[in-house]
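**Student:** Would you mind keeping the following structure in view while I ask a few things?
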Amino acid sequence: MGLGQARERADAGDAGGGEQGASAGSWGEADPIPYSFYINDAEIVKSVYDDAIATNESVSTETLFTILYHPQAVFRVRAVTRCSSSLAGHTEAVLTVVFSPDGRQLASGSGDTTVRIWDLNTSTPQFTLKGHKNWVQVVAYSPDCKTIASGSMDATIRLWSATDGTPLGDALRSHTQVVTSIAWSPDHDSRYFVSGSKDGTAKIWDAATRRCVHTLCGHSGPVMCVKWGGEGLVYTASRDKSIKVWAAASGKLVRTLEGHAHWVNHLALSTDFVNRTGPYDHTMPTYATPEDAKAAAAKRYNEAKNSTAHPERLVSASDDFTIYLWSPTTSKQPIARLTGHQQAVTHVSFSPDGRFIASASFDKSVKIWDGLSGAFVRNLRGHVGNVYFACWAPDSRMLVSGSQDSMLKVWDVREGKSKVDLPGHADEVFAVDWSPDGRFVASGGRDKVLKIWRH
């Protein structure tokens, strides 16, 4: 989940717009569809005159503006304000937490070598998944919510049934070092996934046959993050300072993205949220057949991609204090180099609507950037320790950050202010996730406790 390096150092020291309807109790009343307006990829906040004319001396009465509008989420996620459950059970640090795509389940991975699946209704552990021999660094749900893949410092990957917690065969052994990252193909078939490892390779697996289909060789350093995009491409980030783009079907290298001067720690795609949630929007529908779900997932992906009139974008975070914004399907040249952080950038994420990027850094800050141009938007300061994670609410209006200072902070992105401070952890917060339906935030860290937060 992009925190391997943060953990090492610590140990050493969419809901895309335009969708109608709201579930009672969680969202409040559905509003008329709100829109945001843009000129040259810059949002109009006050007025066209204030934001585009008064600040630009080259504008004349003959100037023609093209104003783009973008529908925002019609539902509003409420800020989480209280800890509803402290879930004890892990006997070592909680290293990763992730909600299922349909928001009905939560999984956590720990230094105690186990994965736990939790029942959100009763706040109790449903299943404890045992089999790994070392820390569980990453946990990932398949798009159909039926399978969990876990990667460990024991260099293995294990597949589990999310329904009953049973192991699906023996461990997958092909990597020779720590498994750092796992990403499923967003195709709702839920058959293929990619893994990255400190052995310098990424591997594409067939979950049905349990075989490695392709080994992606080419990096000269550990692979710290992998992503599987919606255009049939796999992205790998490495400590060799590069990002590589691969054709998922053939395993062949498409292009190498270079520019960073130090380790690349993390990647995010503008389509991450819709790739993750597939057919499940904030109403959490059920589908009669897998084919129906697959068709709905494809429709949501195309709507998300087309809403910005831009191809799928990639953002990379590095130890060189910088972030790069790329259009990896079309070019190996970056759209922009994002500077401003004063320490290593550990985590980046696109807002579910693709309009903004959040970056978390060891300089104790979170920064917000324009997701189309890379322009700096605002600084979110308040943490007094390294910030490890910044996770968006599904309506793109808020985000939650987790830090070395043991605090979670919920931020109002437009205002640039902290809405709520969430104390409660007794030590560093390593992992944070916001449920796809917006109801819960889950967090875990060095204190071995998993906490559920809600409004």
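From the backbone N, Cα and C atoms, a Cβ is placed for every residue, glycine too.
According to TrEMBL, the protein carries these features:
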- 1-12: compositional bias 'Basic and acidic residues' (COMPBIAS)
- 1-27: region 'Disordered' (REGION)
- 87-128: repeat 'WD' (REPEAT)
- 129-170: repeat 'WD' (REPEAT)
- 172-215: repeat 'WD' (REPEAT)
- 216-256: repeat 'WD' (REPEAT)
- 338-379: repeat 'WD' (REPEAT)
- 380-421: repeat 'WD' (REPEAT)
- 422-455: repeat 'WD' (REPEAT)
**Student:** What else in the chain is close to the repeat 'WD' (216-256), if you only count residues 6 or more beyond its ends and a Cβ gap under 8 Å?
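**Tutor:** Distant contacts of the repeat 'WD' (216-256): 2, 4-5, 177-178, 180-186, 192-204, 262-269, 271-272, 274-275, 301, 305, 311-312, 314, 316, 318, 326, 328-329, 332.
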**Student:** Six or more residues out from either end of the repeat 'WD' (129-170), which same-chain residues have a Cβ under 8 Å from its Cβ atoms?
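**Tutor:** Apart from its flanks, the repeat 'WD' (129-170) reaches 1, 4, 92, 95-102, 104-105, 107-111, 113-117, 176-188, 190, 193, 195, 197, 199, 205, 207, 210, 276, 278, 290, 293, 297.
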**Student:** If we skip the immediate neighbours and take only residues 6+ beyond the ends of the repeat 'WD' (172-215), which ones have a Cβ under 8 Å from one of its Cβ atoms?
**Tutor:** 1-2, 4, 137-144, 146-147, 149-153, 155-159, 221-230, 234, 236-238, 240, 246, 248, 250-251, 271, 275-276, 278-279, 290, 293-294, 297-298, 301
**Student:** Can you tell me the mean pLDDT for the repeat 'WD' (380-421)?
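**Tutor:** For the repeat 'WD' (380-421), the model's average pLDDT rounds to 96.
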**Student:** How do the residues of the repeat 'WD' (87-128) split into helix, strand and coil according to DSSP?
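**Tutor:** Secondary-structure breakdown of the repeat 'WD' (87-128): 0 helix, 23 strand, 19 coil.
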